Amino acid sequence: MTPPPATGKPSSSLLDRVSSPADIRDFSIEELEQLTYEVRQEMIQSVSFTGGHLGAGLGVAELTVALHHIFDTPRDRLIWDVGHQAYPHKILTGRRGRMRTMRQGGGLSGFTRRSESEYDPFGAGHSSTSISAALGMAVARDLKGATNNVIAVIGDGAMSAGQAYEAMNNAGAAGSRLIVILNDNDMSIAPPVGALSAHLSRLLSSPSYHSLRHLVKDLAHLLPPSLERAVGRAEEYARGMVSGGGTLFEELGFYYVGPIDGHNFEHLLPVLKNLRDSDDTKPVMLHVVTKKGRGYPPAEAAADKYHGVGRFDVLTGQLEKPKANAPSYTSVFAKALIAEAEVDDRVVAITAAMPGGTGLDKFGDRFPARTFDVGIAEQHAVTFAGGLATEGFKPFCAIYSSFLQRAYDQVQHDVVLQKLPVRFAIDRAGLVGADGATHAGSYDMAFLGCLPDIVIMCPSDEADLMHAVATAVSIDDRPSAFRYPRGEGVGIELSERGSVMPIGKGRVVREGNRVAILSLGTRLAEALKAADELAARGLAPTVVDARFMKPLDEELILRLAREHEVLITVEEGSVGGFGSHVLHLLASKGALDNGLKVRPLALPDVFVEHDAPAIQYEKIGLNASGIVATVLATLGEARSVVSA
């Protein structure tokens, strides 16, 4: 069925009848096709209003409908890897009425979330976790003597991460029934699919084939060893002829079925039904081929298939692009790195499947031979960068803060312990807005700051970011890192190339008295606003841009402690970061013994919910008014007042 173009308000005659997946279990194929069309229209309309991940969900609309039609969710556990593609799933599982709140303050998450619905048995946001979680659920089911199915849906991109293969290796040996659906939406694995492949996949997944296969194997045991091996080789050869491409999965212990057309219900439904009803204990890999952005021509025509988009016009697909007041930090990083690479051919760049998100697509356009996209493989990316560093290159490993967490052992063991001069460009530092807690860059200062002999820079604006890049290039005797947030800078004038900063030295932005505000990172603008407000009240604080989280500018910090009554530290990181290191310094030097009042302002010890970044920071007191309130409370009370 070819859906009409996505224009106007979607007709929802069938979707209006669906409040849960149970309502679609008796639908005919024709009704399922119509329902899929309506789900796509609902999704397009919702994402045009909220922004979000559109292309992946459009690509799995038929698969989502088919899964909820065949399987008894939520009793049967359905786990979506990453969660980018789960919007149709949300629409069908009782959340349709809240789709326009998605990624908004107080609204639905942009990913699956256990606290949001019983149909989300496992939360996500990062990739390649679904098979591990599904196997855990399958083993738990067996231990409890239950009979429900467990299904994991994972994309071909997520299959580039090692955890997926670790999980498959374990699953192949565990002996628990598990269904893994490989959603191949880039044609990167599968050959063209068609009726023959669908017919053979239906055959391979059928109970009769399974029974015949077991019978042949049982009879083969009665034959002499040489003939038994020949029968096994013949069976493997025959399966390879009909399945085409499943050898790796078979070697890992999976029963491979596919590839089949993920947009054709006549192909999907019988195979899924066979897998649902199978009593085989071997895990199964079902390979489906889909088209990202399916059903919305602007998405199908776009290079990124509308993977992640802001608000857009439904009729034209034109994205709303508010006029930027300044370039984004990501684009400034790319500009700075290109400028350094122009004069130093040892500068190379590494990304873990995020060239566009990190700005390395621009670097790659200019220096393709010096740009390495290693896939969703942060652990490998870090150690690969370490290897480059041993040979005299200057690797910049550009990874989102929340994704760098996945490679912590490699950072510590492979890079920092060996003092290899890898440069970590940590994008999306601090709170990130609509993507919420799964993507927030809250912890990098805490988990990097405890490592010996690493330089950690936190630029306060886009010009400082260019200086951080230049400084990182100059550091050849140890690893370094610099962190910067999502979004645009403050609009400061930029030079063509950054300048090298003195290591571990901050700068006094404004001299004052009584109160010192020691800011690290891009909260400096809010610190200066707070200083203006306090000055209007007759109190002129000193404002300092720390610049370095490690090493600290001990001389400057101790001077601030001697000359002020109150010291406020401000950072876009969790407890255990900059403020904690400053307090440790002050305590160890006896600087707290004479009554100095220190108040660390950091991210609170909770996961901050998704919302607009400005609102997120306002709620936790990390804006100008929060700083002012903390200063006034501290001056007005003898006892400790800590803002959270």
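Keep in mind that glycine also has a Cβ here, set from the backbone N, Cα and C atoms.
The following features are taken from Swiss-Prot:
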{"type": "BINDING", "residues": "HIS84, GLY125, HIS126, SER127, GLY157, ALA158, ASN185, TYR296, GLU378", "note": "thiamine diphosphate binding site"}
{"type": "BINDING", "residues": "ASP156, ASN185", "note": "Mg(2+) binding site"}
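The candidate set comprises the binding-site residues ASP156, GLU378. Of these, GLU378 has the most other Cβ atoms within 10 Å. Reduced to three states, the DSSP call for HIS126 (thiamine diphosphate binding site) is coil. Spanning the listed thiamine diphosphate site, residues HIS84, GLY125, HIS126, SER127, GLY157, ALA158, ASN185, TYR296, GLU378 have a farthest Cα to Cα distance of 32 Å. By a simple count of nearby Cβ atoms, those within 10 Å, the most crowded of the binding-site residues HIS84, HIS126 is HIS84. Checked against ASP156 (Mg(2+) binding site), the binding-site residues HIS84, HIS126, ASN185, GLU378 differ in C-alpha distance, with ASN185 being the nearest.
GLU378 (thiamine diphosphate binding site) falls within a helix when secondary structure is assigned with DSSP.
According to DSSP, ASP156 (Mg(2+) binding site) is assigned to coil rather than to any helix or strand.
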